[in-house]
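S.K.: One structure is given below, represented as structure tokens, and several questions about it will come after.
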Amino acid sequence: MELPAANDNVKLSAYRPNLPLSVLNGKAPSEGFDESDYYQCYGDGSSVTSHASGALTGYETLDAPPHYDFYANTQVWGRRRRFRPSLYQLHGNPEDDSKPPMYEETTAEQMEGDTSEEDEEEQKEPPPEPTRFGWVQGVMIRCMLNIWGVILYLRLSWITAQAGIGLTWLIILISSTITGITGLSTSAIATNGKVKGGGTYFLISRSLGPELGGSIGLIFAFANAVAVAMHTVGFAETVTDLMREHGAVMVDRTNDIRIIGILTVTCLLAISMAGMEWESKAQILFFLVIMVSFASYIVGTIMPASVEKQAKGFFSYRAAIFAANFVPDWRGPEGTFFGMFSIFFPSATGILAGANISGDLKNPTIAIPRGTLMAIFWTTFSYLIISATVASCVIRDASGSINDTSSESCDDLSCQYGWDFSECINNKTCTYGISNYYQTLSMVSAFAPLITAGIFGATLSSALACLVSAPKVFQCLCKDHLYPLIGFFGKGYGKNHEPLRAYLLTYIIASCFIIIAELNAIAPIISNFYLCSYALINFSCFHASITNSPGWRPSFRFYSKWLSLMCSVVCVVIMFLLTWWAALIAIGVVIFFLGYTLYKKPDVNWGSSVQASSYNMALNHCVGLNLVEDHVKNYRPQCLVLTGPPSSRPALVDLVNCFTKNLSLMMCGNVVTAGSSPSILEMASSNSHVSWLNQRKIRSFYRGVVSSDLRCGVNMLLQGAGLGRIKPNVMLMGFKKDWRSDSCLAANNYVEILHDAFDLQYGVCVLRMREGLEVSNPSQSHVNQGFDGGPDSINTISPTSLIQTSARSSVTVELEPQPTTAFQKKQGKKTIDVYWLSDDGGLTLLLPYLLTRRKRWARCKVRVFVGGETDKKEEQKEEVLSLIKRFRLGFQDVEVLTDIYQNPQPVNVHHFESLIRRFKHDPNPKQDSDSHPAGQQEAPWMITHQDLERNMAKSLRQIRLNEVLQDYSRDAALIVITMPVGRRGVCPSSLYLAWLDVLSRDLRPPVLMVRGNQESVLTFYCQ
């Protein structure tokens, strides 16, 4: 039937999917997945097919247009959250009875409950909206207050006198360039995704990962706590000096500083704990006070100079004074460019005050870049203006005495204005002028107390900003659980989740340092901690850019990765220029906590640039290996271990890990032989298997496949596992101990897997242990019966397995227990017996050598057994010893076995015959065709009389070898023996399994049967 034409008034909008509310809300119907719910009626309730022809049913679709809810981790209050349909729902068979995960990003909590409960939730009142700040009040003002400090009022004029206007501007511009580039880097990081609370720690940790982020978060929070004490002590010292000028003393100067400091920090704590709203109002008050003090200073420079001010060196704006003060005049031990730079630079370190309260900003991605950069601009402008104006109005030296008027012999700059200060200049006793008087800004100001008020405002605002920043950063660090014993302080209270416990901790730390009342030795450490943070922020921006990760997409584009790298290096250099020992302490603390985090490996995944860099490095190295041909000197046994779920055969995993850990590739393979469905696919690729390996500290990959039968699945692994040169070359599996009781086809497939591995040039190893390899566990998800089958082997999915999808991980399964195996224990002074009966390229020798390099096997003695003749025993022994010595393996004990060619005992021959009796082919045509197929081509596991005759010598050899093993290796820690090879089409599969069975039966030590791919893996050449 044709589709209706456009003029038939058919509107395609009528056929938009109108999904049921339960579906949009991510709710699974209680009765299961009913596709009819998805193709419900639209609009007026009639079906699509009732609107138009049957062809229009093609517009019935579950596909949803892009929506914010599909990518968000939180739910907007007042409406139900939508969820994206899963891929299985879009392409799966609607008649399939299996119940797939409803949606890709739902959690178990979202999948449970009923609609009525949600309706009740919707009727509740909206949660109270916490206080949020814009970019001006939340970032710009806060950063400006933290940048402006005591140095601006008490040291900037003195720095200008030492370095001159020109070099002072250079110092200011260098400092501002560093903070400006850091601000650009901060802006780039802050706009690369949604920023939460935690400020500097959040930015660094989510960019560089928990290792560096955690250490910086801890020391940055501590530095802010100590900075509270520094600024408070600065305020207390100023108050104490004012009191002493007016004769008011409580105890003595030191104790007065302590008392005033404790009272001040207590008041600041009360303001902070009252809430961010009160704290922000206090900051605005301090900002206004500083602005008024600036205005008073500017007005004072314009006002005509009084006699008293002229005596102190102030003559208003003069070109001659500007010219004289433009050049440097170094004085004292600190009179160097870097000396002045080290004093000034800490005054520029306050640009992170806004970012540190990122959780309290309305829109951090806009507020942090705009507010931080504007704060840097205006504070830099103020520093430049104040340094230029004060050096244009005040000379370097003045006596302060109104009697020092000009004389005829005067040749000083002051002589041009009717004053003569040459006496105090020559005697170096001048107490005024910008080189001697720290309170020059107060002297120049129109109203001196306003400058004192500005000092109070600058110190208190900086102390208050640090008192708020430290708990906010520390709270975010506590919630991430990177370090022990600090989670108690992460609890939040109120609508803003204020960290009251962290506030009290910060108060205690600040009070302890206030009681010391002398922080000159600690101040450089704090400055270095700030610089360390700046260096890491810039490096974070560079690192995220250089890795070319698709996830690095900052909306702030005005940054350069190379400028960020340069600034990071400059910050480290400045750390050592300021105070080298403090720089070493800061770097040492970072390295200590970095090492702790690397050792503990916290269970967090933030998509850091370190992960992206690791991927890039691994990819580049893998591709680079393609340019180099394989060489026998660099041969490594790269093992594909057919474990099934790794937790089902821990002994096999532990043995292979002994000779591959930190040396070569290990990959655990699992073949799930069941129908393809979402639950089966999840079971094959479950992250729980990798988690189990990581918990056991096994350095291995995991690869699971779903296949119709075991052999096909193993073929997929053999041909598809690995990447480039990093791909398996040795296959290991457990011995199939139930080959007689299991189906003939399963046993034949087991042998065919070995043949397939040989066809693909793999070395093959088969491990047999007396107690078996398989761990009995009722919650085991799946065990491949072909890998190490037993009577209790299962080939189904356990109904107790829990599969649940979430936004964080694709599947959540409880970890299997960690049983102890023989290969995890120290072996002591036992022996590793190597039966090198056939030359397979040297793999039979190489594996025991790699085992002895491990600590738990190091005390074991390796004994090498070879076959030989009685009359040439010593000659053959020397020949093998010489060869092993050339290989530099260190094996000294070689024994030639001359009795392996003897006939086995009859009782063992009868046992062998009993093993294969079931599989012998009876030519009688009357035999039941169901149990014994007619032709050997249809039943390759059947053994004919001709097969027995052709392979009689090999069969007797395996029986005899078992007798030898019983005699020589009863107490060995491990037996490694060359595995026999059965010719395809000549040796039936059941006969070959009988060889392996009789060779390794009734032995207490584990038996590892090894067969290389007949290519050399050992060499005695150096090239």
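Any Cβ shown, glycine's included, is placed from N, Cα and C.
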S.K.: Per TrEMBL, which of 257-276, 757-776, 977-996 is transmembrane segment?
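M.R.: The range carrying the transmembrane segment annotation in TrEMBL is 257-276.
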S.K.: Ranges 282-303, 568-589: which does TrEMBL label transmembrane segment?
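M.R.: That would be 282-303, per the transmembrane segment entry in TrEMBL.
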S.K.: Which residues of the same chain, at least 6 past either end of the transmembrane segment (212-236), have a Cβ under 8 Å from a Cβ in it?
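M.R.: The answer is 149-150, 198, 200-201, 204-206, 256-258, 260-261, 264-265, 268, 356, 455-456, 459-460, 462-463, 466-467, 469-471, 473-474, 476-477, 480, 482-483, 505-506, 509-514, 517, 519, 522-523, 525-526, 529-530, 532-533, 536, 586, 589-590, 592-594, 597, 602, 608.
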S.K.: What is the pLDDT of the domain 'Amino acid permease/ SLC12A' (138-640) when averaged and given as a whole number?
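M.R.: In the predicted model, the domain 'Amino acid permease/ SLC12A' (138-640) has a mean pLDDT of 84.
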S.K.: Hey, which bits of the same chain come close to the transmembrane segment (257-276), Cβ under 8 Å, at least six residues off its ends?
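M.R.: That would be 131, 133, 228-229, 232-233, 235-237, 239-240, 250-251, 282, 357, 360, 460, 463-464, 467-468, 471, 494, 496, 498, 500, 503-504, 507, 510-511, 514-515, 517.
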S.K.: With the transmembrane segment (528-546) as the reference, which stretch in 133-154, 166-192, 371-391, 446-470 has the largest tally of C-beta pairs below 8 Å?
M.R.: 166-192
S.K.: If we skip the immediate neighbours and take only residues 6+ beyond the ends of the transmembrane segment (166-192), which ones have a Cβ under 8 Å from one of its Cβ atoms?
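M.R.: Those are 159-160, 203, 207, 326-328, 337, 340-341, 344-345, 347-349, 351-352, 355, 358, 364-365, 368-369, 372-373, 376, 379-380, 383-384, 387-388, 391, 534, 537-538, 540-542, 544, 551-556, 558-560, 563-564, 566-567, 570-571, 574, in sequence order.
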S.K.: Counting by DSSP secondary structure, give me helix, strand and coil numbers for the domain 'SLC12A transporter C-terminal' (649-782).
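M.R.: Here the numbers are 54 helix, 28 strand, 52 coil.
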S.K.: Report, as numbers and ranges, every residue of the chain located at least six residues beyond the transmembrane segment (337-359) whose Cβ falls under 8 Å of a Cβ in that stretch; write 'none' if there are none.
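M.R.: Beyond its ends, the transmembrane segment (337-359) has Cβ neighbours at 133, 138-140, 142-143, 145-149, 151-152, 155-156, 159, 162-163, 167-168, 171-172, 174-176, 178-179, 182-183, 186, 190, 195-200, 202-203, 224, 276, 367-368, 371-372, 375-376, 379, 383, 462, 465, 468-469, 472-473, 476, 497, 523, 527, 530-531, 533-534, 574, 577-579.
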